[in-house]
Structure formats: C-alpha cells, structure tokens
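TrEMBL has this to say about the protein:
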type	residues	note
ACT_SITE	Cys129	active site, acyl-thioester intermediate
ACT_SITE	His236	active site, proton acceptor
BINDING	Thr9, Gly10, Leu11, Val12, Arg38, Ser39, Ser159, Gly160, Asn309	NADP(+) binding site
BINDING	Arg100	phosphate binding site
BINDING	Gln156, Arg229	substrate binding site
DOMAIN	2-120	domain 'Semialdehyde dehydrogenase NAD-binding'
Amino acid sequence: MKLGIFGATGLVGQTMLKILEERESFKDVQVEVFASSRSKGQEIDYRGQKLVVQELSEESIKAGGLDYALSALDADLAAKFLPLAAQEGIVCIDNSSYFRMDPDKPLVVPEINLDTIRPEDKIIPSPNCSTIQSVIPLKPIYDAFGIKRIIYSTYQSTSGSGVGGLRDLEEGLKGKEPTTYPYPIAFNLLPHIDKFLDNGYTKEEMKMINETRKILGDDNLAITATAVRVPVKFAHAVSINVETKKPFSLDQVYKVLEDFPGLVVQDDPAKKIYPMNLYTEGKDEVFVGRIRRDESIENGLNLWCTADNIRKGAALNTIQILEKVAKLA
Ligand code: 2RA
C-alpha cells in the first residue's frame with residue numbers, strides 16, 4: 001500500500017506523520033510526502049528514513065502510483081488537487097472544509113458514522129476540529145434521549161490557525177504586533193474565527209452548526225454557536241448546553257458517556273477533576289466533564305469538553321478513517 005501525505009510540511013501534515021509512526025498498523029505502508037513548491041526537496045524523518053518532499057502537482061499525482069492520500073491542504077488546494085487524485089483512483093481522506101457539506105459525500109467521525117462511507121467514495125471529508133470533539137459526547141446523548149437544541153461556546157487554541165497563530169501568541173507575549181489575527185491574542189480573547197458571513201455568524205460557527213446536523217443525520221436540529229479564539233497553544237475546549245427530548249438522570253448520562261468509544265469522562269468537582277486544555281495536548285481521546293443539569297429548563301444539560309485539535313480534531317481523525325477504509329484496523 002502506498003500512501004501520500006498532501007500538505008506534509010504544515011502543522012497537521014507533520015502530526016499525521018507523527019501519528020503514522022506511532023501506529024503499528026502503518027509499519028508496512030510506504031509513505032510519500034507532498035507539499036507546495038516552496039518545500040520541494042526538503043527532507044522529513046520518518047521511521048528512520050528521510051522522506052524527500054515532492055511538489056504537489058497534477059504530474060506528481062499521476063506519477064505517484066498512490067493508493068490512498070491523507071490531505072492537510074487548505075480548502076482551495078483541496079478543491080484543485082483532490083478531484084484529480086480521485087480520478088487517478090486514489091482514495092483521499094480530506095481535512096479541509098471544501099467537500100464537507102457536499103450532499104454526495106459523507107462527513108466522517110469513525111466513532112459515529114463509518115457506515116456512511118460507500119465503496120465508491122474517493123474523497124472522504126473529515127469534519128472541523130471543534131465539531132469532531134463536540135459530536136463525540138453528543139452522539140450517545142442523542143441516541144439515548146434525543147436532542148432538541150444545542151448551544152455551543154468554543155474556546156479554541158491558536159494552533160487552529162497553524163504556525164501563524166502560534167507565532168502571534170508567542171510573539172504577542174513579548175509585546176509584538178500580530179500578523180495572523182486582526183488583534184493581539186496574547187492577554188486577549190477574539191470572538192472571531194474565520195470570516196464573517198451575512199447572517200452575522202462566522203464561518204467557524206456555521207461549520208459547527210451545519211456539520212453537527214450532517215453527522216448526527218438530523219437537518220432539523222436547533223443549534224447555535226459562538227466560536228472564540230483563546231491564548232492557548234494546543235487543544236480546544238467547548239462548552240455545550242443541550243436540551244434533550246426525553247427526561248434523563250445524571251447517572252444515565254454518565255453511563256452513556258462512559259460507554260462511548262474515544263471519550264473519557266473526567267468529572268469530580270470535589271477533587272477538582274475536570275478536562276483542561278493543557279493536559280489534553282498530545283492525547284487521542286476527547287475529554288468531558290462539568291456534567292450537570294441546566295436548571296433553567298426541564299431537560300437541560302451542561303457539558304465541558306476538550307480535545308487536541310491537531311490530533312483528534314484533524315490528523316488522527318483522518319488516520320482513523322483511513323485505517324478502517326484500508327482495513328488496517
Ligand atoms: C480553527 N477550526 O481552530 C479551525 C481549524 N480548522 O481555527
């Protein structure tokens with residue numbers, strides 16, 4: 001099996017390679033790395049060898065003989081290159097937003113909806129980072145009690161904006177002006193992630209709303225979201241307020257969350273145990289805590305969840321999809 005990493009030199013591409021190295025299932029897979037012409041010829045260490053970065057182009061895709069690709073390309077480059085790769089028969093797992101809402105494509109979180117992938121799918125989109133970590137605790141609640149309404153408030157780390165976001169935080173702490181964000185992120189919060197749309201929401205907020213509906217398979221779900229960038233390097237947090245259709249007990253909620261794969265309940269306020277961004281960095285699981293009733297309505301529930309946005313929110317989710325599609329796990 002020959003696997004290409006598209007966009008191998010960025011934060012997500014590098015994390016894909018790190019996770020592939022960690023996973024026994026990929027030890028016999030031949031890996032090739034692709035990026036823009038700026039990175040051509042650069043060498044990347046992988047399993048004791050040096051991988052030479054190739055320029056991603058129509059020619060290199062045609063000549064590559066790849067079976068699968070993990071793509072960490074931006075939406076515009078994914079739009080340009082993935083259909084070409086698909087035409088060559090390469091199955092592409094895509095981290096970009098470009099194909100996510102295409103009604104002819106699935107939108108996959110392996111713990112939830114692997115069954116939506118059809119054998120003929122050549123481009124398989126992976127959701128937005130903050131969506132992935134939110135739908136994982138929501139899915140068992142949806143199945144057990146039904147969901148009427150969701151209110152998301154996100155606290156998203158600067159790595160979500162790539163190296164530029166990390167640099168703005170680091171340099172901002174030394175008093176330098178930002179170059180990625182419109183305002184300083186050091187000692188500040190920005191209620192602004194991605195572009196503003198005509199309805200006053202940002203694209204990030206609408207991604208959470210639309211992608212959640214698609215993954216849970218419920219177009220009528222009432223959802224609202226506020227997405228905020230916070231001065232944290234890695235891991236996003238999301239405060240989730242849910243109104244369920246059926247009544248629940250908190251014991252039932254704990255049980256369905258504890259039984260769900262990829263989810264860890266960290267919730268003991270008396271011992272000051274709750275999920276935190278700092279301790280989530282580098283972890284594969286989604287963490288959930290601060291589980292309590294929203295006492296202002298009849299069937300209301302509050303959750304706080306964290307996940308490493310570059311791992312489960314991006315690189316790891318695509319790799320878990322690939323493992324299933326290529327029958328490696
Ligand atoms: C962010 N959701 O955190 C983005 C990354 N895909 O900005």
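Heads up, the Cβ atoms here are built off N, Cα and C, so glycines get one too.
Asn309 (NADP(+) binding site) carries neither a helix nor a strand DSSP state and counts as coil. With the fewest other Cβ atoms inside 10 Å of its Cβ, the least crowded of the recorded positions Leu11, Cys129 in this structure is Leu11. Checking the binding-site residues Thr9, Arg38, Arg100, Gln156, Ser159, Arg229 against ligand 1, the ones whose Cβ sits under 6 Å from it are Gln156. Spread of the NADP(+) binding residues is 26 Å (greatest Cα-Cα distance among Thr9, Gly10, Leu11, Val12, Arg38, Ser39, Ser159, Gly160, Asn309). When the CA atoms are compared, the recorded positions lying within 10 A of Asn309 (NADP(+) binding site) are Cys129, Gln156, His236, out of the candidates Arg100, Cys129, Gln156, His236. Taken residue by residue, the domain 'Semialdehyde dehydrogenase NAD-binding' (2-120) breaks down under DSSP into 45 helix, 29 strand, 45 coil.
Neighbour count (other Cβ atoms within 10 Å of the Cβ, all protein chains): 9 for Arg38 (NADP(+) binding site). Cα proximity to Ser159 (NADP(+) binding site) (within 10 Å) is found for the following recorded positions from Arg100, Cys129, His236: His236. Model confidence over the domain 'Semialdehyde dehydrogenase NAD-binding' (2-120) is summarised by a mean pLDDT of 97.
Neighbours of Thr9 (NADP(+) binding site), defined as other CB atoms within 10 A of its CB across all chains, total 18. Same-chain residues at least 6 positions away in sequence with a Cβ under 8 Å from that of His236 (active site, proton acceptor) are, in sequence order, Cys129, Ser130, Gln133, Thr154, Tyr155, Gln156, Ser157, Gly160, Asn277, Thr306, Ala307, Asn309, Gly313. For Arg229 (substrate binding site), other Cβ atoms within 10 Å of its Cβ number 27. For Asn309 (NADP(+) binding site), the count of additional Cβ atoms within 10 Å of its Cβ stands at 29 [all protein chains shown]. Put simply, the residue listed as 'phosphate binding site' is 28 Å from Arg38 (NADP(+) binding site) when counted between their Cα atoms.
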